[in-house]
């Protein structure tokens, strides 16, 4: 069905038109035209992805065939199930908020046409890889997203920090992509196909072998670089602070989640824990990731770097839930992907608003800034408390599901380590609230004033969503449950696609 | 003909090892990018190799298609990487990555 392609077509069309439009509007002396155009593109793409909800609920998997008469397409094939749709809605939604936030935040920068074109292309890449039904499509969209994100991290190229961080990010991430490509070549050698359903079908009756383990190890290592799993996380604490704040929100909120999505999609669809034991691999990585993220976050003096390390620790919780191998655990993981995208996106956008007004990222210089910026500080406090896991905010719901699933799966050691880490993380979140909002303003913070309306709108909306999904988690829990069920029911996925 | 298969698999394994070694041990930015190229060509070689040995006397177009797509995508990545190198040279006046160490922890 063509309807599958609409979100991607909208995003790529808007990205392609942005530079021309920008030229026209500049000659007419109309400001901010690109940003409003990009926001419109995200809104339309979000509507286009909502139109898929009906068909996906009815059919389970909605496919797009590039050649109508082919029995099973080998490339250019899209198959959307609940997992892909759930992920794509998160990606486009955070893109929309980041785009609105950029209207005022980026207004002092030059080259805005390329900024918005890259932002749209990055989200197009993420949506494409969420919808991909074979490895070729997946790889092309994966690299589209990666290349756009390298360029966006190094966007302010007149400063040294984005260049250094961007180069580090590029080398590590491209090496990860190369490992994924190598793993794909091994999968191709083993099964003779690259279509997810066909590969999964061929591997159903496989026996444990060194080559299979090598394939899974390379796949996990490659995707872990993107998901910032320790010990592959070194690019993240540099790249997130160096990028403009809306891009930090995108990177932390959704780009690292594409790594998680890719891990869930490939591991749960193609391999079985009884054949290749990837769950214990994920459990070890999750403990390492949580601990490294939380301990390093305690030591930070840079507000965005602190939030970047906190992202690493949250990836650890998500991996913990994924390593359980149960449907309940996967529900918790996907719920946390959604909730973390909102709350960490909100935290980075708030930090961006503060940095935009004061011009510094050092926490010591920002003491008391919250008293001067009431709206920003209230939303920032909501984001931070939600990241702690305070009840009636959305972070609590998903953390609760994750630890309940861990206890249900009898993974007591993991539960204890996770809860200890969660307790440790409260220290730096509360310290941030105490320093920024409860002290009297000094220095640069004393002259701060509230940010403009286009910066505040996404903050207020996202803070509202944090509270809404904290007190009423049912609709989003249902969606996550559907996505987890789609990820676990691989036989149904295979037969829906092989049957068509 | 199967011996050809194993020769090429061994070659691609060696290329993978060389690429990883280069990424870890080299200090020059251009050499890092070359190591990245070697790493990617290991995977590409694997695709071509498996496509050629799919069935006796036949070549599978799927693997070759992916090989060509992967090469073109690589070119984009390397282009962006070289742009970063030019900008890094403007800021630091060197291509030595160990000199790029203002960001730590």
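Glycine is no exception: its Cβ is also placed from the backbone N, Cα and C atoms.
All TrEMBL annotations are machine predictions without curation.
Record features (TrEMBL):
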DOMAIN    A:132-424  domain 'NADH:quinone oxidoreductase/Mrp antiporter transmembrane'
TRANSMEM  A:36-54  transmembrane segment
TRANSMEM  A:74-100  transmembrane segment
TRANSMEM  A:112-132  transmembrane segment
TRANSMEM  A:138-155  transmembrane segment
TRANSMEM  A:167-191  transmembrane segment
TRANSMEM  A:211-235  transmembrane segment
TRANSMEM  A:247-268  transmembrane segment
TRANSMEM  A:280-299  transmembrane segment
TRANSMEM  A:337-357  transmembrane segment
TRANSMEM  A:378-397  transmembrane segment
TRANSMEM  A:409-430  transmembrane segment
TRANSMEM  A:451-472  transmembrane segment
Surrounding residues of the transmembrane segment (A:36-54) on its own chain - C-beta under 8 Å, 6+ positions past either end:
3-4, 6-7, 10-11, 13-15, 17-18, 21, 62, 80, 85, 88-89, 92-93, 95-96, 99-100, 102-103, 116, 119-120, 123, 127
If you count Cβ pairs under 8 Å, which stretch among A:112-132, A:138-155, A:280-299, A:378-397, A:409-430 touches the transmembrane segment (A:167-191) the most?
A:138-155
Need a quick answer: max count of Cβ pairs under 8 Å to the transmembrane segment (A:112-132), which of A:138-155, A:211-235, A:337-357, A:378-397, A:409-430 is it?
A:138-155
Please give the sequence-distant neighbours of the transmembrane segment (A:409-430): residues at least 6 beyond its ends with Cβ less than 8 Å from one of its Cβ atoms.
283, 286-287, 290-291, 294-295, 297-298, 300, 306, 310, 313, 316-317, 320, 323-326, 328-329, 384-385, 387-389, 399, 402-403
Could you tell me whether the transmembrane segment (A:337-357) and the transmembrane segment (A:211-235) have 3+ CB pairs under 8 A, leaving out pairs under 6 positions apart?
no
Are there residues at least six beyond either end of the transmembrane segment (A:337-357) with Cβ under 8 Å to its Cβ atoms? List them, or say none.
86-87, 90, 93-94, 97-98, 101, 104-105, 240, 244-246, 248-250, 252-254, 257, 260-261, 303-304, 307, 310-311, 314, 318, 366, 369, 373, 376, 379-380, 382-384, 386-387, 393-395, 397-398, 436, 448-451, 455-456, 458-459, 462-463, 465-466, 469, 476, 479-480
